[in-house]
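Beneath this line is the structure, given in structure tokens, with notes to follow.
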Amino acid sequence: MSLPAFSSCTTQPPKKILPHTSQTRLLPNPSRKSVENTHLSFPRKDQLIDQTVLWTSSIARRCRNGHLSEAAAEFARMRIADIEPNYITFITLLSACADFPSENILCFGASIHCYIYKLGINKYNVMLGTAIVDMYSKCSRVDLARQAFDEMTVKNSVSWNSMIDGYMRNGDVEDAIKLFDEMPHRDKVSWTALIGGFVKRGHFEEALERFREMQISGVEPDYVTIIAILTACANLGALGLGIWIHRFALQRNLSKEVRVSNSLIDMYSRCGCVNFAYQEFNKMGKRSRVSWNSMIVGFAINGRAEEALEHFCLMQKEGFEPDGVSFTGALTACSHAGLVEEGLEFYKTMTRIHGISPRIEHFGCMVDLLSRAGRLEDALSVIETMPMKPNEVVLGSLLAACRTHGDVGLAERLMNFLDELEPDTDSNYVLLSNIYAVVGRWEGVGKVRKTMKALGIKKKPGVSAIEIDCSIHEFVAGDKSHVQTESIYSMLEQLSAELMVYGYVSETIVEGFPECD
């Protein structure tokens with residue numbers, strides 16, 4: 001997006017009000033009368049007041065349509081016409097900058113901030129100050145957001161919440177928690193900003209812990225909080241807690257919200273209770289495309305391919321156009337059911353009829369579909385022709401098939417792609433090493449080990465997790481840190497003894513290599 005050129009485009013807010021000289025003008029040069037005004041004032045004539053409203057309305061219309069360059073040009077014409085903006089004009093422009101963050105947009109937003117600073121209205125207008133904080137946060141300049149936040153003389157809960165959300169959005173979890181603890185009053189939006197931030201950053205257990213603290217503090221959550229917690233439950237597989245949250249939402253009449261129902265469908269599906277998900281789906285009085293997608297994907301990942309494809313067709317009969325997520329569900333269903341030709345046909349339909357550009361998850365489904373069918377060379381061809389680099393999930397599908405079919409040669413050819421992955425990826429290297437080990441190719445095991453050592457990759461220990469009484473317990477092989485370690489190992493010994501009585505012989509698993517030093 002190109003914006004009108006400005007004579008100054010700093011991204012640092014000035015430390016003091018700048019003198020009104022030609023060298024410090026930030027926006028297109030208006031009349032001298034406009035430049036000499038150092039504070040906002042409403043003209044006495046109703047006609048002039050209407051002019052400000054009309055100009056602001058015109059700017060807002062362009063912002064709503066995503067035409068920020070036109071909005072900026074309109075603002076420049078407004079100043080040239082000697083019409084003074086008010087705080088609503090500034091908030092409109094800053095909010096548009098926050099909605100379309102980029103380096104160029106940041107430059108424009110910072111120029112608007114400087115103009116506001118010169119007028120001296122940002123410290124005492126809480127709405128305007130909050131809009132500045134939000135703009136910098138969403139443009140990934142949380143340092144400038146905090147500077148603007150600290151300069152605000154008057155703050156409200158929205159200001160605090162915007163700053164917390166800004167920290168979380170930019171991955172600065174520690175500062176978000178610190179600021180949250182300093183808040184004079186925490187409302188449900190504050191708690192939701194923190195909880196939602198943990199969920200977006202993948203810190204699901206921390207999100208659940210904060211939700212418990214929210215309950216203890218007596219703050220009532222809203223449907224946005226419920227959605228965030230259900231997402232955490234889905235990612236952790238915490239079915240017991242998810243059921244409790246469902247009941248909690250029912251008691252507070254929050255489950256009628258379509259987005260809550262969609263989250264419940266997703267949570268139950270990912271926890272393996274697809275029947276519960278379908279019950280929720282059937283109870284919905286109004287469904288969105290997300291509702292259908294959640295149910296289609298839920299059926300697909302739980303191995304109920306026929307029902308997934310059936311609902312893919314029903315979705316279209318109900319007037320919903322399938323999107324990329326819909327086709328991901330259909331392709332996943334075909335992959336799990338071994339419907340190769342049907343999957344290839346769905347892929348063609350997606351690209352040629354619906355005009356959907358395939359994303360990496362679609363290529364991953366195609367690789368998995370062909371790999372499961374034993375068409376390894378075709379799967380490799382898909383990887384080689386992808387417009388983006390394959391990730392570890394895509395490569396993992398083909399590597400697993402190589403191990404199943406004993407195709408060491410193809411696995412070796414995949415090493416070229418493994419070298420291009422992120423340096424902290426370990427799973428596919430371990431899988432490749434195990435493929436070598438299964439066929440006794442120990443020189444290959446050593447080669448993979450050397451490669452991992454050169455790249456600084458260490459084998460990460462596998463973690464198992466179970467849920468008991470709405471609490472998540474994690475275990476690592478050989479781990480003795482759990483508070484009930486003695487009881488756990490005692491039970492394992494008892495189970496092993498009983499299994500041996502019935503003739504069980506433990507399977508010897510060949511490990512490719514020990515953990516790299």
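Placed from the backbone N, Cα and C atoms, the Cβ positions cover glycine too.
Annotated features in TrEMBL:
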- 1-13: compositional bias 'Polar residues' (COMPBIAS)
- 1-38: region 'Disordered' (REGION)
- 156-186: repeat 'PPR' (REPEAT)
- 187-221: repeat 'PPR' (REPEAT)
- 223-245: transmembrane segment (TRANSMEM)
- 288-322: repeat 'PPR' (REPEAT)
Cβ under 8 Å, sequence separation of at least 6 from the ends of the repeat 'PPR' (187-221): give me the contacting residues as numbers and ranges. 157-158, 160-161, 164-165, 167-169, 171, 173, 176-177, 180, 228-229, 231-233, 235-236, 238, 241, 252, 472
When you scan the chain for residues with a C-beta under 8 Å from the repeat 'PPR' (156-186), skipping those not six or more beyond its ends, what do you find? 126, 129-130, 133-134, 136-138, 140, 142, 145-146, 149, 193-194, 196-198, 200-201, 203, 217, 219
Non-local residues, at least 6 beyond the ends, that sit with Cβ under 8 Å of the transmembrane segment (223-245): 188, 191-192, 195-196, 198-199, 202, 204-205, 207-208, 211, 214, 254, 257, 259-260, 263-264, 266-268, 270-273, 465, 467-470, 472
Per DSSP, what is the residue count of the repeat 'PPR' (187-221) in each of helix, strand and coil? 27 helix, 0 strand, 8 coil
If I take every residue in the repeat 'PPR' (187-221) and average their pLDDT values, what number comes out? 93
For the repeat 'PPR' (288-322), how many residues does DSSP put in helix, in strand and in coil? 26 helix, 0 strand, 9 coil
